[in-house]
Each structure stands twice: as structure tokens, then as C-alpha cells.
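Undergrad: What follows is a structure written as C-alpha cells; I'll ask about it next.
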């Protein structure tokens, strides 16, 4: 005689029996569907924990003979190889670095002087963002725009020996764009600004930064384009950091988003070191890179973001 089916009347079990092709989304009742979904999720979690414990016991039993741990797949380690990836020992790269627009800075011939301004009629939040940015970058000065065109501002900056012009744009009273122009010969980069947080909005922040020159950390700028952007950021800060101040400015590139953080590290004892965020913090997304100084009409662009073409593959990055 055949065994009784699970879930049918007279079988003595209250659990429902579903066909092999059953999907939780087929349940019409919302509460019942949610309950079944949570049960399935709990079972999967339980099976995963059991498998994890089993593997851990096997590794402890095998000791040194245990197989290496599996590396989880992420978008970063599955990245599509880029032909323009920079090799530090490449002679062509070294020659380009010795003759590009930033060579005078890296050879110690110039000291960075930065002018920070805004779009016309900035609101309070944008003004405070610029003022806090000036406390992060040494030798930076904030000037109000007063309706002047950038083509008139740039010659004045060059005449006063400024090496950078930073223009912070805003939309709906919030900073949303940043133009970084290297003087006197360019290049000019345009970034989208998002997730900007001022110092008062950061929890457990430290005291205001001191005037010491910070260290600069540049992470994951691996392609030729990323290398150029990294050198632009590096040339904003003096080359001789003052380690007494214990301040660090970090530009971390991840999936073509550049995260900026400003920290102070604290020595708890001889072995332990903690970090304390000082602010501000923001995220940059490169929109374009232009040769020479800012020229929206006749400028020659080295690179322009084309979203529908470049963002089609999630595993391919430009920086």
C-alpha cells in the first residue's frame, strides 16, 4: 500500500504540501505569503549556518592540510581587465609623468595655492561647505564669485600665482557639482558631488582640524585616467606632510565613486591606534576631463562620461 501524502486530510500532519514547482509569489493572501516567505528564509539561514559549522569542523580536523578558504565573488574582484591599467615600472608612464602639467609640483618647483569659489549667489550650506574645505586644504582661500565669469577669474588667479581653482556649484541649496581646474595650463575636471556632510552632521567627530599639513592617501586609481585624476588630487596638498598634526586626507576610489574622508589618528597605546573623523565628507563622480583651463564652448575634452555606453557593464570601471 502506498504511503499517505503529506498535508492531505487523514495524514495526521498540519503542514501544507506543495507541488515541486511551487512559488511563494503564487499565494494570493498577503499575510500567508509573508509568513511562508519568512519561514523559507529562516530555513535557508539555518542550512547555511549548519554548512558553515560543518566546514569549520572539517578545517579544524584537517589542520594544515585544510584547503584554502574560498574567496567570495564581488564586483571588485570580478572586474573586467582594462587595457589602460598603469604599471608603475612602465618607462612610458614615467616619461609622461615627468612631462605632464603636474611635473613642476612633483619636482618641488611649485607650492600649491588654491582659490575656492562658488556659483553665483550661494546659499548658506554651500558657503559653509567651502569654508570647511578651505580648512582641509592648506594654502586655500575662499572668495565670493560676485557674478564674474570663470574666463575672467582664471587670468586673475594665474597673475596671483594660484595653482588651482575650485568652483563649487549648488542646486536646491545643496552642493551638487565641483570644477577642479589646474593652473596655468590645465587640465580641468568636472565632478558630481553627492552625500555632502558638514562637520556638525557627523556623529562622534573630533575637534576642528589644525593648520598642520595632512598626509594624503589615494586608493585604487589604477587606469591611465584614474592615474591623472589621482595626480590632480595629490597636487592640491603640499608634499611635506607634518606628522605632528596626525591628520590624513583620503581619496578612496570604489566603482568609479571617489569617497573623501578627513581623519585624525589617535595613539591609544604603543600597539593600538584609533581614527577620528573630522569632516567634511563627500562623494565625487567624474563627469568629464578637459584639456587646458575651463572652456565650456571651445574646450577639448579628453574624457566624457557616457552613462548608457559606459555603465552598461557593472564590472567595467573607468578609474
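For all residues, glycine too, the Cβ spot is worked out from N, Cα and C.
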Undergrad: Could you tell me which of the ranges 42-70, 71-99 is annotated in TrEMBL as region 'Disordered'?
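TA: Here TrEMBL associates region 'Disordered' with the stretch 42-70.
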Undergrad: Quick one: DSSP breakdown of the compositional bias 'Basic residues' (42-57) into helix, strand and coil?
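TA: Looking at the compositional bias 'Basic residues' (42-57) with DSSP, the answer is 16 helix, 0 strand, 0 coil.
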